[in-house]
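Per Swiss-Prot, Mn(2+) 1 binding site is recorded for His130, Asp155, Asp159, Cys242, and the stated evidence type is sequence analysis. Annotated Mn(2+) 2 binding site per Swiss-Prot: Asp155, His157, Cys242, Asp244, in sequence order.
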Amino acid sequence: MYKQGEPNLWTGRLDSETDPKKFRHFQTVTFEDLSKLEKSSRPSGVGILGYAVDEGVALNKGRIGAKEGPDAIKQAFAGLPDLNQCEALVDYGNVYHDHEELIDTQKEFAMLAAKSIANHRQTFLLGGGHDIAYAQYLATRKVYPTQSIGVINIDAHFDTRAEQQSTSGTSFRQILEEDENTDYLVLGIAQGGNTQSLFDYAKEKKIDYVFADELLSHVSPTIKDMIERFVHEHDVIMFTICMDVIDSAFAPGVSAPAVLGLYPHTVLELAKRIIPSDKVSSVSIAEMNPTYDADNRTAKLVANLVHHFLK
């Protein structure tokens, strides 16, 4: 079920009503009905769409609450300064789960997300469970039907479980099994968060991955080269971040908290090798769970990631 953006979420400190250099995002955001959006001849600006769904987390036996994530992120983002002076920033609202099967909600989200991707220079998809990634893939493939897609996931988990239905832990297996013209790179894998069968599947499918342990002090030149080579080898990049990759000291409000997770600045350093590329069609950020957040710490962290990713 799709609902348009809620203006009441977008509030913040007012420093000026006339000087754009003192504006914050709540002063520049606009609201549109994505279901009625016509294709633009020239993509421009930024589109934001929320995936207010945690059914996939429940099916994956995780702790629910991430369906409240998109609104919490938008509220935190609203008060940040508009340093980029975006040519356009549109909140398209959220998609909610009201179908019998999760896959139908994912398809509905994908149809709408594809419109944003086709019309904007940047599209941010805010979760919600990490089943958003499969929906993001469907949207990407709709916009780019023949191009090679490189999927980059900053995550503690492979999320390549073999299940009978979509969950927050199956997205990347679904993508790889359905589409031979895709490849998968995972940054931040937790050795204690993935079974041997998942490592075996990674070997079988030639999934490139980097352990969290390799990213704790710095991002080495070897890893930077790996990322840049992966971007270079693909026509389109689908970029996604699962917030459970970040240590729970910084990100307590997630579906599955990390005890040996990454520092936020490490995630930013990794993203610097990805975001600047014009090949990046969309960015999704998943598993922000306000139910377990402290002082809105995780919501603010996601908001600041989006803020840093703006071009």
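Glycine residues also receive a Cβ, built from the backbone N, Cα and C atoms like all the rest.
Structure coloured by features recorded in Swiss-Prot.
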residue	record	CB count, 10 Å
His130	Mn(2+) 1 binding site	35
Asp155	Mn(2+) 1 binding site	26
His157	Mn(2+) 2 binding site	25
Asp159	Mn(2+) 1 binding site	28
Cys242	Mn(2+) 1 binding site	30
Asp244	Mn(2+) 2 binding site	26
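Calculated from their C-alpha atoms, the gap between Cys242 (Mn(2+) 1 binding site) and His157 (Mn(2+) 2 binding site) amounts to 9 Å. Checked against Asp244 (Mn(2+) 2 binding site), the binding-site residues His130, Asp155, Asp159 differ in C-alpha distance, with Asp155 being the nearest.
A Cα-Cα distance of 11 Å separates His130 (Mn(2+) 1 binding site) from His157 (Mn(2+) 2 binding site). Shown in sequence order, Ala133, Asn153, Ala156, His157, Ser168, Gly169, Ser171, Phe172, Thr240, Asp244, Val245, Ala286, Glu287 are the same-chain residues outside His130, Asp155, Asp159, Cys242 whose Cβ sits within 8 Å of the Cβ centre of the Mn(2+) 1 site.
Cβ proximity to the Mn(2+) 2 site centre (mean Cβ of Asp155, His157, Cys242, Asp244, cutoff 8 Å) flags the following additional same-chain residues: His130, Asn153, Ile154, Ala156, Asp159, Gly188, Gly193, Met243, Val245, Ala256, Ala286, Glu287.
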